[in-house]
Amino acid sequence: MAIPLPLTSCSPISTSSSISRTSFVPLTLRNRTFFSNQNYSRRVLISCSSSLSSDNGSSPDSMNGNGNGNGSSLNGQSSFPRLPSFDGTSKPPLKWRRVLLKVSGEALAGDEEQNIDPKVTMAIAREVAAVTRLGIEVAIVVGGGNIFRGSTWAGCSGLDRSSADYIGMLATVMNAIFLQATMESIGIPTRVQTAFRMSEVAEPYIRRRAIRHLEKGRVVIFAAGTGNPFFTTDTAAALRCAEINAEVVLKATNVDGVFDDDPKRNPNARLLDSLTYQEVTSKDLSVMDMTAITLCQENNIPVVVFNLSEPGNIAKAIKGERVGTLIGGTWNSIVTTTS
């Protein structure tokens with residue numbers, strides 16, 4: 001019984017001789033790469049051989065291997081070209097296949113006075129587009145500090161911390177929708193998922209659905225933090241990273257990385273190349289809050305802190321190139337790519 005294959009292109013390129021004719025049909029299978037070491041645009045060549053009559057008029061039996069031709073045989077050698085084995089898991093040689101990008105609200109503001117700088121969101125969109133073409137799956141968590149920061153407003157005018165944090169979560173949704181619109185304007189399929197239901201504007205966060213979106217090549221933006229007050233969006237980034245099995249948290253900020261002192265106060269502050277989780281906690285470095293750092297440490301999730309405003313930094317970080325400060329890993333394990 002013939003099993004239909006999901007052909008999306010079929011244009012035979014034929015070669016012939018006095019013995020056989022072979023058609024090589026480029027076969028495109030969705031979301032599959034058929035060679036372990038190189039990217040062949042998800043195509044595989046299938047050889048469809050049929051024997052022509054030879055000088056003595058005999059023809060092979062393709063089912064039992066009888067005959068004197070070069071036809072296909074179940075019991076002997078096949079005239080089909082041998083393809084590299086494929087188990088469905090081969091990937092191009094990139095360090096990370098699925099990443100979580102954390103974009104702070106302050107970084108989205110840029111130099112604008114209207115809370116969100118369209119030039120910043122467009123720069124993010126273009127660099128994300130460049131890496132998704134390589135097959136890297138990208139999820140994003142956005143902050144809301146450019147619009148409202150709950151921890152700052154708590155206690156003001158009778159506003160309790162929980163209420164202030166919920167307002168901050170709504171601010172992240174505003175940023176997420178803006179970023180989604182920017183990405184889709186340049187052709188990047190994007191979904192926004194919120195930690196609590198806002199069905200008129202976004203999907204609810206469902207782990208399996210988020211992973212499926214990523215597998216289909218869509219960018220997923222997680223908004224509304226964890227959905228609970230008293231937790232930062234950095235913690236939300238660490239949590240979502242662990243849940244969707246992403247390999248790294250890439251924290252895009254408005255500084256070059258982690259310094260041994262505040263560079264605003266100390267012009268001689270030194271940019272740190274890499275750190276362990278223990279060094280971050282023992283030195284009380286302002287990287288992420290302790291809940292986020294602990295969550296990353298317990299799940300062996302490395303964190304890269306880098307400057308969002310430097311052109312090309314997002315793409316470099318996503319591809320695993322050396323940029324900013326690496327926490328919980330070693331640069332030697334990072335593959336530098338030039339694709």
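Here the Cβ of each residue, glycine as well, is placed from N, Cα and C on the backbone.
Residues Gly144, Thr226, Gly227, Asn228, Pro229, Phe230, Phe231, Thr232, Thr233 are given by Swiss-Prot as UMP binders; from Asp160, Asp165, that same site also lists Asp165.
When the ranges 110-115, 320-325 are checked against Swiss-Prot, the one recorded as region 'Involved in allosteric activation by GTP' is 110-115. Mapped onto three states, the DSSP output places Gly105 (ATP binding site) in helix. The record assigns Gly144, Asp165, Thr226, Gly227, Asn228, Pro229, Phe230, Phe231, Thr232, Thr233 to the UMP binding site, and the maximum Cα to Cα distance across that set is 14 Å. When the alpha carbons of Gln180 (ATP binding site) and Gly144 (UMP binding site) are compared, the span between them is 15 angstrom. Among the binding-site residues Lys102, Met183, Thr190, Phe259, none has a Cα sitting within 10 Å of the Cα of Gly144 (UMP binding site). Long-range C-beta contacts of Met183 (ATP binding site), restricted to its own chain and to partners at least six residues apart, with a cutoff below 8 Å, comprise Ala125, Val128, Ala129, Thr190, Val219.
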